[in-house]
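Engineer: This is the structure I want to talk about, given as structure tokens.
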Amino acid sequence: MRATTRTLLLLLAGSALLHTTVLTDLYLRYVKPGLQPLLVASAVLLLAAGTLSAVRDGFPFLSRGAGRPGPADGRAPAVALLLFVPVLLLLFAPPAPLGVYSATRAAPQEVPDQSPSAFLPLPEADPLPLSLTQFTARVTRDSTGAVAGRNVRLHGFTVPGDDGADYLARHVVTCCAADARTLRVVLHGARGLVPGRWVEVEGRWRPEGVPGTSSAGVGLDVSRVRTVPAPAQPYLDVPPAGR
Amino acid sequence: MSDGTARGGTARGGAARGGTARGGAAPVRAMSRPVLVGGAVAGCAAGAALLTPQAFGTWQTVAVSLCLQAVPFLLLGTLLSAAVAVFLPPSFFRRALPRRPALAVPAAGASGLLLPGCECASVPVASALIRQGVPQSAAFTFLLAAPAVNPVVLVSTAVAFPDTPEMVAARLLASLGAAILMGWLWLFRGRERWLTARPAPSCAAAAGGGAAVRLEAFRQAFLHDFLHAGGYLVAGAMAAATFQVAVDRAVLDTVSASVWAAVLLLAGLAILLSVCSEADAFVAASMTAFPATAQLAFMVVGPMVDVKLIALQSGTFGRSFAVRFGAATAVVAVGWASAVGWWLL
């Protein structure tokens with residue numbers, strides 16, 4: 001890789017990071033929100049390094065003598081060309097957030113990490129907004145069965161199951177999308193759902209198994225489905241906002 | 001007729017091999033490595049593209065996520081590494097570490113406790129330490145320990161396993177122990193000739209220079225290390241994304257075999273999935289169908305050996321090192337994690 005190509009790569013990489021973190025919220029599709037300051041700092045560093053390189057080593061096609069073989073120092077190893085792949089993807093064709101494909105292939109039901117003693121009485125609201133984490137925890141960990149009979153409202157995207165059932169799903173991310181875990185709730189009696197569409201669902205827990213144990217089925221008898229826009233933070237599992 | 005050609009071919013092959021034994025070895029290796037990496041990348045991309053558009057989309061998301069997540073830490077690591085190489089006198093580490101390498105190894109392991117870094121940062125730093133005359137065994141122990149036992153990782157483990165606080169102690173003991181064992185193993189069985197990658201240019205030349213020379217050397221060393229490691233990072237992220245798309249995690253929960261099979265399965269999964277060490281505790285905790293020892297093995301092996309790291313290490317230290325060191329580390333980490341898990345969990 002020539003020194004001038006190196007300049008181009010550094011400037012493009014810095015712009016891509018700036019584009020995904022400051023100009024748009026694209027980074028939330030890939031990493032946790034807390035990484036933003038570090039990504040912005042990286043963008044600034046890369047742009048500074050790129051500008052310095054443009055001054056010292058020149059810019060492709062523009063600089064006089066750009067093609068001349070410089071000192072061995074200025075040449076980057078050829079493997080660095082691979083960096084153009086994620087950089088150009090982020091700039092011109094940012095990949096979509098994780099969705100239906102990974103949700104159908106995740107483990108069927110993953111109990112969220114929550115201590116069984118941490119359950120307070122449920123608020124009186126009707127319908128009661130809950131995150132999928134809260135709903136799953138209430139069903140499989142809360143032995144008082146407080147969620148039974150309550151009309152709840154959940155927010156997620158719809159996923160067709162292998163068994164013909166429909167699911168409401170969310171991905172939860174700790175660090176980046178590579179460590180995503182999936183929460184799924186069975187939607188009983190919902191018709192005409194479009195896979196991958198973000199919805200708010202109202203309904204009651206379908207009593208299956210013993211509440212507070214892993215035998216309890218995480219499912220909802222659906223009374224109402226409303227299509228909503230996709231959230232800005234796709235991996236942040238929070239209760240739906242009140243209307 | 002065929003006899004003659006065959007013998008001629010053999011003779012030529014033999015001569016060529018003899019000729020490359022000394023002077024030609026480096027160019028051959030320099031040629032073959034980009035070809036190999038390029039082939040692997042093309043293979044991954046082709047494999048992913050053959051799948052459904054949805055699978056290919058997921059592949060892109062995962063690969064970009066792994067790169068994006070690693071970039072700040074890789075920058076930090078290469079900045080540190082370039083600074084160490086250009087500004088710190090070699091005598092610094094000779095004074096800071098115990099003189100005997102056998103003692104320097106545990107000291108290096110313990111220093112990993114203090115540095116909150118990701119595995120992507122520790123590879124360039126370990127390489128800079130070696131260039132500055134730190135014993136290789138100590139540098140490799142640091143390389144393995146720093147991402148596995150730093151405070152951020154231990155806290156996230158405690159959060160992920162609220163009901164089993166002994167998991168944090170088990171992780172600390174198992175990771176630190178495996179890193180130290182690997183350092184000692186390198187001390188007694190390691191071979192310098194496995195380390196084939198060339199050091200970044202111009203660091204040595206700058207040692208006696210003035211401020212301007214040193215700053216320019218710092219810039220060149222940083223850019224070289226970052227772009228070099230970054231290229232390998234992308235290759236590793238693509239490979240890990242391929243495995244993430246290929247492995248159907250729903251299958252995992254149906255496996256209810258012996259503890260040994262579970263340990264080996266999760267250790268293998270840790271190598272393929274390349275989850276970052278700050279997050280792997282949450283992934284391990286979500287695999288509720290597996291015994292605690294297998295979850296421990298997942299968290300001990302992951303930060304030390306995985307597809308992304310093997311790619312980064314072959315860029316920094318050379319392929320023949322990365323393969324041997326990765327295999328040995330996997331065996332030591334699985335064995336030691338099983339022993340600690342059997343004792344504590």
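Glycine too: its Cβ is placed from the backbone N, Cα and C atoms.
In TrEMBL, annotation is done automatically, which means it is predicted and not curated.
Residues or ranges marked as region 'Disordered' by TrEMBL: B:1-25. Here TrEMBL flags B:1-22 as compositional bias 'Gly residues'. The transmembrane segment annotation in TrEMBL covers B:35-56, B:62-88, B:139-162, B:168-188, B:226-245, B:257-275, B:282-301, B:321-344.
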Engineer: Among B:139-162, B:168-188, B:282-301, point out the range having the most Cβ pairs under 8 angstroms from the transmembrane segment (B:321-344).
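Structural biologist: Most contacts with the transmembrane segment (B:321-344): B:168-188.
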Engineer: Any chance the transmembrane segment (B:139-162) and the transmembrane segment (B:168-188) have 3 or more Cβ pairs under 8 A, given the pairs are 6 or more apart in sequence?
Structural biologist: yes
Engineer: Which residues of the chain, 6 or more past the ends of the transmembrane segment (B:62-88), have a CB below 8 A from one of its CBs?
Structural biologist: 117-118, 120-125, 127-129, 131-132, 200, 203, 206, 214, 217-218, 221-222, 225-226, 229-230, 233-234, 236-238, 240-241, 244-245, 274, 276, 308
Engineer: Under 8 Å between C-beta atoms and at least six residues away from its ends: which parts of the chain pack against the transmembrane segment (B:168-188)?
Structural biologist: 101-102, 105-106, 108-110, 112-113, 135-138, 140-142, 144-145, 148-149, 153-154, 157-158, 161, 281, 296, 299-300, 303-304, 325, 328-329, 332-333, 336-337, 340-341, 344-345
